[in-house]
Amino acid sequence: MVNEDPNLQEYDDGPSAPEPALPAGRSASAHPSVSIHPSVSAHPSSSAHPSTLAQPGGLAHPSSSCPEELSVIKVSKRRWVVVLLFSCYSMCNAFQWIQYGSINNIFMNFYGVSAFAIDWLSMCYMLTYIPLLLPVAWLLEKFGLRTIALTGSALNCLGAWVKLGSLKPHLFPVTVLGQIICSVAQVFILGMPSRIASVWFGANEVSTACSMAVFGNQLGIAIGFLVPPVLVPNIEDRDKLAYHISIMFYIIGGVATLLFILVIIVFKEKPKHPPSRAQSLSYALASPDASYFSSIVRLFKNLNFVLLVITYGLNAGAFYALSTLLNRMVILHYPGEEVNAGRIGLTIVIAGMLGAVISGIWLDRSKTYKETTLVVYIMTVVGMVVYTLTLNLGHLWVVFITAGTMGFFMTGYLPLGFEFAVELTYPESEGISSGLLNVSAQVFGIIFTISQGQIIDNYGTMPGNIFLCVFLTLGAALTAFIRADLRRQKANKETPENKLQEEEEEEEESNTSKAPTTVSENL
């Protein structure tokens, strides 16, 4: 019997104990916990691109594990280093997304452009993601996690240094170019949390790991709200202002460079052994006749997933709009409070990070994906309504409390959506399902940011926030119709004995196969 124990750990390069041989006449693919194609390294639980899994002629990957290694279920100690490093360069990229919006009025004055032009520095992240999702998801399937991580961190680093060429008021197009490069890097980052969690973490850790991966992105947004107002004061002298902006750009350029170097040195493709039963079973479930695009078609035929795509987009899109327009809304009611506007944004994201971690731990323990997602969504609506009613009361401390409460649920919902999607779509590729969620978020983010910005300019902040409340209420209602079809949990609970019995019925001429056992290494 295959025992899955998250406490069993390995060093990736350590020796492995001998594995029982498969009886003659039985192929490696006949056993649910044995890889069909050992050279696949992008994602052990993915069958969305079965040509990578089912035959040597499919998409190749850089690593070459043997079936004996993949038949052992074990977690690697390196997994924490991988998720931490990913969180760090995701944080750096997210900082660059919000660094303009958090001091919108200052960059307006420096470059002599409209508020809408500065808003587009945030919205270009959303716009770039939409056409590039499918090509990048295909690259993830073809080349694996390490190549995508290297590309994302390299583009993030390049974009940061390009911005240093925009320290003159007439060089706004250069800062746009740097931001576009960073937005392309984001496409290589946003779809990876659930993939990293599945490839590197055991069944009892995946939700927590996914929350940690998303945690880095949210931390970057939090720092992006806090640091720019401190480093770049609201002064009239453009030469002094350029000096302060350059300090911010140099810091982020140095951090991005360091992280790129660490990714080159540290980031590995995948562990030697699959960390959960679901990863092993996915190889046996792969079909040699399926294609990459057939996976997308299957996902859109999954009604529960389609509903989740819509509801996730409504929630995340509302968060993107709020983040982009927060400085403008706070300044309208509290003039000269740029620093506190950033701190309110920080409060929203920090509270959301706490919510994300708590919800991840709760999901790993309870597996109540539908119930948790619905409750968090309803509380997001309640928090948004309270925030809307208290923003113009004239008391900043009240805004801090209500914004933090809203952020705890709104931002805390984001990793819930990723993990719920993986459960609903297993064994399809996490890269594709997460990517489709993010596309929905970007589309709604652009629509909400433009619409709410126009409403605020013409009618004020309350009508603009009520606009978001209406769509969040719609999202909560649609979430109630999602059926909790937890396919990955069913795979993890499936007993090897049942699998072997099915195989013996199909292959009566074969000898009884002995299931592999978990091997513990003496480190």
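Keep in mind that glycine also has a Cβ here, set from the backbone N, Cα and C atoms.
So that you can see what the record holds, here are the features copied from TrEMBL:
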| type | residues | note |
| --- | --- | --- |
| REGION | 1-60 | region 'Disordered' |
| COMPBIAS | 27-51 | compositional bias 'Low complexity' |
| TRANSMEM | 80-100 | transmembrane segment |
| DOMAIN | 82-487 | domain 'Major facilitator superfamily (MFS) profile' |
| TRANSMEM | 120-140 | transmembrane segment |
| TRANSMEM | 147-164 | transmembrane segment |
| TRANSMEM | 170-194 | transmembrane segment |
| TRANSMEM | 206-227 | transmembrane segment |
| TRANSMEM | 247-267 | transmembrane segment |
| TRANSMEM | 303-322 | transmembrane segment |
| TRANSMEM | 342-362 | transmembrane segment |
| TRANSMEM | 374-390 | transmembrane segment |
| TRANSMEM | 396-416 | transmembrane segment |
| TRANSMEM | 436-456 | transmembrane segment |
| TRANSMEM | 462-482 | transmembrane segment |
| REGION | 491-523 | region 'Disordered' |
| COMPBIAS | 491-501 | compositional bias 'Basic and acidic residues' |
| COMPBIAS | 512-523 | compositional bias 'Polar residues' |
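Between the transmembrane segment (80-100) and the transmembrane segment (436-456), fewer than three CB pairs separated by 6 or more residues in sequence fall under 8 Å, so the two stretches do not touch. The transmembrane segment (303-322) is not in contact with the transmembrane segment (147-164), judged by fewer than 3 CB-CB distances under 8 Å for residue pairs 6 or more apart in sequence. Beyond its flanks by at least six residues, the transmembrane segment (396-416) meets 193, 207, 210-211, 213-215, 218, 315-316, 318-319, 322, 330, 334, 337, 340, 343-344, 347-356, 358-360, 363, 369, 372-373, 376-377, 379-380, 383-384, 386-387, 390 of its own chain at Cβ-Cβ distances under 8 Å. If one looks beyond the transmembrane segment (342-362) by at least 6 residues along the same chain, the residues whose Cβ comes under 8 Å of a Cβ in the stretch are 98, 102-103, 207-212, 214-215, 218-219, 221-230, 322-323, 326-327, 330, 368, 372, 376, 396, 399-400, 403-416, 419.
Sequence-distant contacts of the transmembrane segment (170-194) (same chain, six or more residues past either end, CB-CB distance under 8 Å): 86, 89-90, 93, 96-97, 100, 111-113, 117, 120-121, 124-125, 127-129, 132-133, 136-137, 140, 145, 148-149, 151-156, 158-163, 206, 210, 213-214, 217, 415, 418-419, 421-422, 430-431, 433-435, 438. If you look at the transmembrane segment (247-267), the same-chain residues 6 or more away from its ends with a CB under 8 A from one of its CBs are 81-82, 85-86, 88-89, 92, 95-96, 99, 145-146, 149-150, 153-154, 156-157, 160-161, 163-164, 167, 227-228, 231-232.
Counting only same-chain residues 6+ beyond the ends of the transmembrane segment (206-227), those with a CB under 8 A from a CB of the stretch are 79, 83-84, 86-99, 102, 189-190, 192-194, 196-198, 200, 248, 276, 323, 326, 341-346, 348-350, 352-353, 356-357, 359-361, 363-364, 411, 414-415, 418-419, 422. Taking residue pairs at least 6 apart in sequence, the transmembrane segment (120-140) and the transmembrane segment (436-456) share three or more C-beta contacts under 8 angstroms.
Remote same-chain residues near the transmembrane segment (147-164) are listed as 62, 86, 89, 92-93, 96, 136, 139-140, 174-175, 177-189, 192, 246, 249-250, 252-253, 256-257, 259-260, 263-264, 267 (criterion: CB distance under 8 Å, separation of at least six residues from the stretch ends). The predicted model assigns the domain 'Major facilitator superfamily (MFS) profile' (82-487) a mean pLDDT of 86.
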